[in-house]
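Feature annotations, reproduced from TrEMBL:
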- Glu44: site 'Important for autoinhibition of adenylyltransferase activity' (SITE)
- 94-227: domain 'Fido' (DOMAIN)
- Asp173, Gly174, Asn175, Lys176, Arg177, Thr178, Ser179, Arg180: ATP binding site (BINDING)
Amino acid sequence: MLTYDTAHVDKVRQAISFIPNMERALFMAEKMRVDFVYNTAALEGNPYTYPEIKTLIEGITVGGHRISDTEQVLNLNRALSHVIDLVKSGKFELNKETACTIQGIVANRESLTWGEFRDGQVFIGGTNYLPPRASDLDIIFEQGAKLLNTIDDPTFKAWLIFLWGSLNQFFYDGNKRTSRFLANATLMSAGLPPLMILAKDQLKYNEVMTRFYDNQDATEALEWLYSYYVERIAGFGFKA
């Protein structure tokens, strides 16, 4: 499914342990809602400021922005609510229906199509990597999800879901956002807080992902995700 240096990644995995706490994980997801939406939107080049996003999420219209930028922010907020609800109800599952539903919220009216797998070829800027043909996506997803659902380690599973979804580009748009939501649902379902990549770390994030696309080797990306996650949740009572 994904290629990586097993010995190297296992060493990183074994050096880290977490103490799950479902109540605290869900509390953090709600508490960091504005931060999560702001940083996720900023990674997409959305010009909304933090105060503007806070105002918009509170239900107050913010002027001076394109409708598409406003919709993107609102879509991210709705997607976060949907994922939290799935986790709270115990209904989150890694399957095509869940992925399509999340992408349908994330990329609503933003993508060529939304809520369904793409039916044509896509390209990723800045890399020579060519994602799979549309005709292969169903079998790739079915086989990948089956394998991923056998993994017991929730953090490892979450990172693999994110990288797998990003690499295969199942949708016309919103692939990394959708894959991060799937990864975060996996983390929260295991009582761990969601991953939030900060806008200030966009350059490093983009560099890691570009190299991943170029060589399809997940070793560096997995190592970076582990170290970044540990750094981000330090002090919140999840680190053993």
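Here the Cβ of each residue, glycine as well, is placed from N, Cα and C on the backbone.
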Rounded distance in angstrom between the Cα atoms of Arg180 (ATP binding site) and Glu44 (site 'Important for autoinhibition of adenylyltransferase activity'): 13
Extra residues within 8 Å (Cβ to Cβ centroid of Asp173, Gly174, Asn175, Lys176, Arg177, Thr178, Ser179, Arg180), ATP: Gln103, Val106, Ala107, Gly165, Ser166, Phe171, Phe181
Lowest local Cβ density (other Cβ within 10 Å) among binding-site residues: Lys176, Arg180: Lys176
By Cα-Cα distance, the member of binding-site residues Asn175, Arg177, Thr178 nearest Glu44 (site 'Important for autoinhibition of adenylyltransferase activity'): Arg177
Secondary structure at Asp173 (ATP binding site), reduced by DSSP to three states: coil
Model confidence over the domain 'Fido' (94-227), averaged pLDDT: 98
